[in-house]
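See structure below.
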Amino acid sequence: MEANIVLLPGDGIGPEIIQQGQRILAAVAQRFGHTFQFESHLIGGIAIDQTGDPLPDATVTACRNAAAVLLGAVGGPKWDDPTAKVRPEQGLLKIRKELQLFANLRPIQTFPELVDASPLKREIVDGTDILFFRELTGGVYFGESGRSTSDGVESAYASMVYSVPEVERIVRLAAVAARGRNNRLTSVDKANVLEPSRLWRQVAQHVMSEEFPDVQYDVVLVDAMAMHLISRPRDFDVVVTGNLFGDILTDEASMLPGSLGMLPSASMGSDGPGLFEPIHGSAPDIAGKGIANPLATILAAAMLLRHSLGLEDEAKAIEAAVRAVLADGLRTADIAGGSPSIGTEEMGTAVLEKLQA
Ligand code: NAD
Ligand code: IPM
Ligand code: MN
């Protein structure tokens, strides 16, 4: 297969982890006889510095023409002034919207080799396997927002808006995924307080009873879900939720496998290229030190092969290589629990060697 893959390294640890992701994709191409062309483009703070725009047109065009996109992370203290007109994060939100990537798949799996990296007890986390569907192009992230001043008092607002079709399409995707797994779907909302959540619950209920009566379905309020997620994570199979709740719950869920540095994600639309990225950010506290965990990005590269290129065997080969490296006891600092650790590039090399073996 020939495929053109766009790389968006971005800021902070972004370039460090994308470099490892690219090495792994190149190794897969070599082993399985594919040709992947890589093209790097600007997004985020580095794009603001070089062009004034967090998402230059050239980046959007390249992404549209790509088979898939692999993204590092955007943002950092340099661009964090709350009064700034342009922000790195706008670039990420805009590319998700431009490519209509409404479904963000965030798998949360504990690796048996890594159970002790979790701050939670082994008997609680061992065997966790949850697939989150986070709605990605709607909700409070994209509603009307702004500031106003009245009687000398300044206020700011952001509206949470969901339409019926927006809820229908993400719930359908999640329900189809549940059928291919353990046939259970949990929808998470805040319907006791928020009107868009009441619409969400109504629509989800309707889709499930009309189209998926065979799938076990339940609803949980988001505050309670934050608790259930770490007290009984194994009870969940597929979880579907809105943009903001999905963002927060999946960072929390990263403590089940033990580190944000282990969690990949896939952002998909109805057609066109998917965008694949770790769920973590640019980690300014460790950027440039060569110690970031590249495994989330490497696992995102596996999701890219599976979901955008249809290369299941190749995806599995990467995932097996990652597990083999963990079984060998190799750890970056975030999952080492104070024991000796290796750096970003060494971890990339270790996965590469397993792939080539
Ligand atoms: P963060 O995810 O960057 O970091 C949170 C903590 O996790 C830090 O201590 C960091 O060192 C650690 N961490 C994250 N990834 C790691 C990895 N691969 N290996 C080892 N440790 C890792 O979140 P933050 O500090 O709240 O945000 C920093 C910046 O990143 C902000 O500007 C934010 O907007 C941005 N951000 C971007 C994305 C994205 O591009 N998708 C996602 C989240 C945050
Ligand atoms: C993520 C990030 C982004 C989000 C930010 C950087 C816009 O936290 O990808 O999880 O909130 O979606
Ligand atoms: Mn996030």
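Heads up, the Cβ atoms here are built off N, Cα and C, so glycines get one too.
Automatic, uncurated: that is what TrEMBL annotation is.
These features come from TrEMBL:
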BINDING   76-89, 281-293  NAD(+) binding site
BINDING   Arg96, Arg106, Arg134, Asp223  substrate binding site
BINDING   Asp223, Asp247, Asp251  Mg(2+) binding site
DOMAIN    4-351  domain 'Isopropylmalate dehydrogenase-like'
SITE      Tyr141  site 'Important for catalysis'
SITE      Lys190  site 'Important for catalysis'
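Features recorded in TrEMBL, as mapped to the structure shown.
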{"residue": "Pro88", "record": "NAD(+) binding site", "contacts (Cβ under 8 Å, 6+ apart)": "Gly10, Asp11, Ile43, Gly44, Gly45, Ala47, Ile48, Pro54, Val74, Gly75, Gly76, Trp79"}
{"residue": "Arg96", "record": "substrate binding site", "contacts (Cβ under 8 Å, 6+ apart)": "Leu136, Thr137, Ser267, Leu275"}
{"residue": "Arg106", "record": "substrate binding site", "contacts (Cβ under 8 Å, 6+ apart)": "Leu131, Phe132, Arg134, Gly246, Thr250, Ala253, Leu263, Pro264, Ser265, Ile279"}
{"residue": "Tyr141", "record": "site 'Important for catalysis'", "contacts (Cβ under 8 Å, 6+ apart)": "Leu93, Asn243, Leu244"}
{"residue": "Asp223", "record": "substrate binding site", "contacts (Cβ under 8 Å, 6+ apart)": "Lys190"}
{"residue": "Asp247", "record": "Mg(2+) binding site", "contacts (Cβ under 8 Å, 6+ apart)": "Arg134"}
{"residue": "Asp251", "record": "Mg(2+) binding site", "contacts (Cβ under 8 Å, 6+ apart)": "Leu260, Ile279"}
{"residue": "Ala283", "record": "NAD(+) binding site", "contacts (Cβ under 8 Å, 6+ apart)": "Gly12, Ile13, Ala73, Ala292"}
{"residue": "Ala287", "record": "NAD(+) binding site", "contacts (Cβ under 8 Å, 6+ apart)": "Asp11, Gly12, Ile13, Glu16, Gly76"}
Fill in: Span of Arg96, Arg106, Arg134, Asp223 around substrate - largest C-alpha separation, Å
27
Response to the item:
Restricting the binding-site residues Asp247, Asp251, Ala283 to those with Cβ under 6 angstroms from ligand 1 leaves Ala283
Discussion item. Counting only residues 6+ away in sequence within the same chain, which have a CB under 8 Å from the CB of Asp80 (NAD(+) binding site)?
Written reply: none
Discussion item. Quick check: which same-chain residues outside Asp223, Asp247, Asp251 lie with their CB within 8 A of the centre of the Mg(2+) site CB atoms?
Written reply: Val222, Ala226, Leu244, Phe245, Gly246, Ile248, Leu249, Thr250, Glu252
Discussion item. Using CB atoms and a 10 A radius, I'd like the single residue among the binding-site residues Ala84, Ile291 with the highest neighbour count.
Written reply: Ile291
Practice prompt. Just the recorded positions from Pro88, Arg106, Tyr141, Asp247, Ala283 whose C-beta lies under 6 Å from any atom of ligand 2, please, or none if there are none.
Written response: Asp247
Item to complete: For the domain 'Isopropylmalate dehydrogenase-like' (4-351), provide the mean pLDDT of the predicted model.
Response: 98
Fill in: Site with most surrounding Cβ atoms, counting all protein chains shown within 10 Å, from the recorded positions Arg134, Lys190
Arg134
